[in-house]
Amino acid sequence: MYLSVSLSSSSSATLVSRIIFYEDRDFQGRSYAVTADQPDMHAHLNRCNSIQVESGCWMIYERPHYIGHQYFLKRGEYSNYQQWMGFNDSVKSCCIITPVSSLIRVYERNDVGGRMTESFCDYPSLCDEFHPRDIQSCHVFEGNWIFCGQPNYRARQSLLRPRAYRGVTDWGAGTAWLSCHVITSVSQLSFISNSSNSIRELGRISD
């Protein structure tokens, strides 16, 4: 399957991206301002209870080195962690999200084999092309992708970065993926934060 998407992480956006983390609610207490990807912020923040995104779009992570629960934040003010649907007040790493063109193939068999379908549009239901159990592998060529556990971009979501995912365990499919979303602008990125409590990320090591 060929699909076209946007959503790539980069620390060198054309416009400077800036986010400020605060230890207390309502932008109080110790703060830490960031303008680039940060793999480990534990030395700067004991906790995080509010955030101001001054510019750009960001993915923040519960634990260092881009692991744990993750949340997408666009420009705005988040006076407490419930506003970004956080499970707790831990934010230990973050990266900039910048829209770019993307390309992916999805296959019906392991090791990127078997039937493949091509498309350059959203897929609200992958069942239109595959039986859910027949999506066994994929290859992300460019950009980053959001796959969802239910049709119409609902339920559990995962962010896949460029590399080959040769089996369902390799790309985190504990359950079937039933839709995938094509992102073509920054405004569409808000869809992510509005439709899911958290997004799993796969393939960070390929950055």
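Placed from the backbone N, Cα and C atoms, the Cβ positions cover glycine too.
Nobody curates TrEMBL annotations by hand; they come from automatic prediction.
So that you can see what the record holds, here are the features copied from TrEMBL:
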type   : residues : note
DOMAIN : 17-55    : domain 'Beta/gamma crystallin 'Greek key''
DOMAIN : 56-98    : domain 'Beta/gamma crystallin 'Greek key''
Q | Averaged pLDDT score, the domain 'Beta/gamma crystallin 'Greek key'' (17-55) | A | 95
Q: For the domain 'Beta/gamma crystallin 'Greek key'' (56-98), jot down how many residues DSSP puts in helix, in strand and in coil.
A: 4 helix, 23 strand, 16 coil
Q. Looking only at the domain 'Beta/gamma crystallin 'Greek key'' (17-55), what are its DSSP counts of helix, strand and coil residues?
A. 3 helix, 21 strand, 15 coil
